[in-house]
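> Would you mind keeping the following structure in view while I ask a few things?
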Amino acid sequence: MVASTLSPPTRGWFDVLDDWLKRDRFVFVGWSGLLLFPTAYLAIGGWLTGTTFVTSWYTHGLASSYLEGANFLTAAVSTPADSMGHSLLLLWGPESQGDFVRWLQLGGLWAFVALHGAFALIGFMLRQFELARLIGIRPYNAIAFSGPIAVFVSVFLLYPLGQSSWFFAPSFGVAAIFRFLLFLQGFHNWTLNPFHMMGVAGILGGALLSAIHGVTVENTLYEDGEQANTFKAFDSTQEEETYSMVTANRFWSQIFGIAFSNKRWLHFFMLFVPVMGLWTSSIGIIGLALNLRAYDFVSQEIRAAEDPEFETFYTKNILLNEGLRAWLAPIDQPHENFVFPEEVLPRGNAL
């Protein structure tokens, strides 16, 4: 008998750290967590701080914090002043020079929340990739989450980068987002943009598919319990199906004359529709950043200008957009000191 004197191979610090990060725990950390948790913490903390204490008086001429009397719907972390351009507004940068209060007054907190928020979303996507790899499933969760990331990055970062400054990005607040929607309509005619139309079709179509799928499964559950509530009859370890795909197919074939017969294709379609809606709307926002125009039906505008009795919903919307620009711009951009004389303000044909 020979006694072995070989010692087990030593493990480096990287292997030890890798094991610790990937350990099975209540809240998975992983390598992606090194990006996700700090950035998400700082973004959410920055937003809570801004909506609680920080004014927008110096950037927008507005009260935007709980301290000033705003509520949950009207509080916001507002975009930096237009004069700041596309500066990263670092606390130690030339604008603030290390003065924390001045940094808040200039809108530095918005850049802080936007950039950390973007990296937090990317970290969450990487988290889904990492966990899918570890437990051996496909990465479609992460691929689908690219939709919300595309929307956030295009709306909060790429759109203002195409405009004159961060000022024209949405501020982080409920009413602030509504203001941004009105701005997009008035200055870009966003609702007539085909990419917006595809986005609406994708999001509402995804909601419709989700509702149809849910009720179809509920309608075709096997009668495997004694109670009216069927939830308790389900066992997560059961081998047999819990609902009848054949019956569902028969039902929708009679309703529409066509139905899904392949569960895999059905669920891919449910993934594809809303994610494609998010992607297409993001492409449209990038177009707006470059000031690309939506559909222009010039012939209708010319005829409406020549014929007081001719008006379409399109020409009416064009006048509404002119009104939005004329009355929104002086309030939205007080630093420009816009003054529009009465004769240039839009009027409907009926006037």
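Glycine residues also receive a Cβ, built from the backbone N, Cα and C atoms like all the rest.
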> Which stretch does Swiss-Prot mark as transmembrane segment, out of 185-205, 206-226, 311-331?
206-226
> Given the ranges 39-59, 60-80, 81-101, which one is assigned the annotation transmembrane segment in Swiss-Prot?
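Of the candidate stretches, Swiss-Prot labels 39-59 as transmembrane segment.
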> What range among 123-139, 242-258 does Swiss-Prot record as transmembrane segment?
123-139
> Tell me whether the transmembrane segment (151-164) sits in contact with the transmembrane segment (39-59), defined here as at least 3 Cβ pairs under 8 Å among residues 6 or more apart in sequence.
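Checked: the transmembrane segment (151-164) vs the transmembrane segment (39-59), no contact.
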> If we skip the immediate neighbours and take only residues 6+ beyond the ends of the transmembrane segment (123-139), which ones have a Cβ under 8 Å from one of its Cβ atoms?
22, 28, 30-33, 35-37, 39-40, 145-146, 149
> Please report the number of other Cβ atoms within 10 Å of the Cβ of Q128 (pheophytin a binding site).
17
> Taking just the CA atoms, what is the gap between H213 (Fe cation binding site) and H116 (chlorophyll a ChlzD2 binding site) in Å?
36
> Report, as a single number, how many Cβ atoms besides its own are within 10 Å of the Cβ of H213 (Fe cation binding site).
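Around the Cβ of H213 (Fe cation binding site), 16 other Cβ atoms lie within 10 Å.
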> Restricting to the same chain and to residues at least six past its boundaries, which positions have a Cβ under 8 Å from a Cβ of the transmembrane segment (277-293)?
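Contacts with the transmembrane segment (277-293): 146-148, 150-151, 153-155, 158-163, 184, 188-190, 193-196, 198-203, 205-206.
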> Could you check which of the binding-site residues Q128, H196, H267 is the closest Cα neighbour of F260 (plastoquinone binding site)?
H267
